[in-house]
């Protein structure tokens, strides 16, 4: 049977194996009648090539053909071939073995071919069933055209021209290769080797090929293609070389296999690149997360170690030890804390940058591990600063306490030494029985002397009480040598009590003897009575002139100077009293000379001589100018301290308002930035540089503060700004400008990633600022909802809650400007999705629902292949080999849609 069926759209001169219009396969080169009379060499080539091509597909179904004109006669393998290459199911074949069953099966195959837009010309089922070789080869060629060549498209060309253009482009760089057709251009085998080398340079050493060895070149290409590219050998090298013009259809069929093999590889490469891109983003984000965790852990560990040190309030017994503690604290403030402040600021910047990158890549927001949130670090930092302030206050309080203790201890030692010097020998004197052998006058003298002693003793009562009071105060202030103080004080008190007892006993004895004795020297008594208090006054003056003091201001020093001047004003009257006392002694001597008395040496009523009074008076006169000089030196020191206070206050009163103004200015800049982001960044960088340049003023102020600390000046009434206030304000200013610069940098990232114009950013900023009612760079949920409604969003409670989870993933209760921009641009962004990554993995897996480690290592770079293998869960579906991996769950986890 001879059917002459022309495909739709064929005009005059078009052949049976070419299509017209949209289904054009190839141009007709010869008339159909000539095509029926194939050259025997061409027929041999076609028969071998078409058989190999059919078997390359039939083997997927577990079968093959041996004789092309015989094995397709019953139509069964023909239908199976079409199902394999099309991926579609054909009607159920007839199982009978009679001729009409075979014709029916072949017709089902031909109808399926026709349903694909191909009109068969002169090919009928009867010819195929009868084993007509020419018709069978023509039918197979039609199938090859439709299913292997028609879909080839390069630029504006398709089918044969597209395949030829593809070959020309791929082989263009190679020497001795000039592909112009599908027959003679392939005879020397170099074109096939060039195609293989272009895509798999590891398989062929093209430089070693020779144009004069066509059979060797062809066999090399055939063997490599069959072994490594899964392309069966469809041609014989000898047939191609020995034929003047090899069969075009055979060559096209074989070359099309290379196109499909390499096109699939290119598609896999594209899929691998997409996966690599996604994995690179994910790995970079994980690296940032790990860096954040490491930096946060180190900062928190430093705070954990530092806080106990600052909380330690165990005082030191000596001033030098406390001074060392103060120096350690200054070193901490100057050397150890500033780098940690920078780390804290950098930690916040890294966290914001990471969250921005995660939002831009549609990854879930980063949630640090427990206890390492930015808020946790801020809380820990606030706790550190609180104990730090308390530690500094405690240090200064302890130093003042030790100063007070040192002053009291020195005063106690001085007064105790004076008292002990006064009491030295008094007990031995009171225990004497000299009155037993004395005359009346001597007894009276002893009695009067004793009265003078009692007067002196009474005068010392206040000193003893003062010594006891000093000891009590030292105990109350926890003086570290309180035990020795108590022991000495107790010895003084015991001795004083004993002196009182002995004094009373001696008086009783003298009064008993007084009844027997009548002579008394009134003048000596008068001398004793006046000299004793004057001597007391001298002792008190000497003690006061040698007294130590502790002052903290010019006013206190002036008060001491005034008291000293008042004391000097009493000296003339004291000098007159001294003259009167010395006059009494002179009168005694005159009377003795007048009446020829020979008294015992010294005054019987007092051990004090006029020489003693003169010596003490000379001591007082020497101590007065010395105390004048000491007080003037102290006044000069306090005046220097006052200048230091005023110098510090002048700088602090300028720096404090400057810092406050800059903080407010940065706040205004953050709330109302104008101009392009680059201009804003330049302005902020200039502000940052101005702030950095101002650091020298802070350093000078620190120097003045250091001088005040070294001079032990701890108060300053000339300014409300302490060094701590300046430090806190300076750290707040640095943090504020760094945070604002980071926000603009994130806006640049968002703009570049989302493709926003400056006008759009300005519009977003204007809307955001309008509803930022608190002017703190953040909108509260009600303000954010009002902003969305004003922009035309119709929001219900559920929808608004969903939007809030997007813009506020950490549930902070506010919407930042960065989150606002991200929401407004989210719908227009072109980003990767989990579905795209799944599709890419499916290409690498050859349309399987799982992928093997070998396929990952073959298609991906080694590092990222191993990353996928470690992270992918085992595939749990049926029919998978051991070690198969679930790429679907892995892709979803990359975008937060499931757990890794």
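Note: Cβ is positioned from N, Cα and C throughout, glycine not excepted.
Copied from Swiss-Prot, the annotated features are:
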MOD_RES   1  N-acetylmethionine
COMPBIAS  10-24  compositional bias 'Gly residues'
DOMAIN    44-148  domain 'Calponin-homology (CH) 1'
DOMAIN    157-263  domain 'Calponin-homology (CH) 2'
REPEAT    287-397  repeat 'Spectrin 1'
REPEAT    407-512  repeat 'Spectrin 2'
REPEAT    522-633  repeat 'Spectrin 3'
REPEAT    643-746  repeat 'Spectrin 4'
DOMAIN    759-794  domain 'EF-hand 1'
BINDING   772, 776, 778, 783  Ca(2+) 1 binding site
BINDING   808, 810  Ca(2+) 2 binding site
Neighbour count first, Cβ atoms within 10 Å, every protein chain included; then name which of 772, 783, 808 tops the list of binding-site residues.
772
Rounded to an integer, what is the Cα-Cα distance in Å between residue 783 (Ca(2+) 1 binding site) and residue 808 (Ca(2+) 2 binding site)?
14
Conformational class of residue 778 (Ca(2+) 1 binding site) under the three-state DSSP mapping:
strand
Other than its own, how many Cβ atoms are within 10 Å of the Cβ belonging to residue 810 (Ca(2+) 2 binding site)?
13
Measuring Cα to Cα, tell me the gap between residue 772 (Ca(2+) 1 binding site) and residue 810 (Ca(2+) 2 binding site) in whole angstrom.
20
Taking the center of the Cβ atoms of 772, 776, 778, 783 at the recorded Ca(2+) 1 site, which other residues in this chain have a Cβ no more than 8 Å from that point?
771, 773, 774, 775, 777, 779, 780, 814, 815
Per-state residue totals over the repeat 'Spectrin 2' (407-512) - DSSP helix, strand, coil:
94 helix, 0 strand, 12 coil
Taking only same-chain residues 6+ apart in sequence, whose CB is under 8 Å from that of residue 778 (Ca(2+) 1 binding site), what do you get?
772, 814, 815, 816, 817
For residue 783 (Ca(2+) 1 binding site), name the DSSP secondary structure in the helix/strand/coil scheme.
helix
Taking just the CA atoms, what is the gap between residue 810 (Ca(2+) 2 binding site) and residue 776 (Ca(2+) 1 binding site) in Å?
19
Which whole-number value in Å describes the distance between the Cα atoms of residue 776 (Ca(2+) 1 binding site) and residue 808 (Ca(2+) 2 binding site)?
16
If you draw a 10 Å sphere around the Cβ of residue 776 (Ca(2+) 1 binding site), how many other Cβ atoms fall inside it, taking every protein chain shown into account?
12
Summarise the domain 'Calponin-homology (CH) 2' (157-263) by DSSP state, stating how many residues are helix, strand and coil.
66 helix, 2 strand, 39 coil
Residues of the domain 'Calponin-homology (CH) 1' (44-148) by DSSP state, where helix covers H, G and I:
71 helix, 0 strand, 34 coil
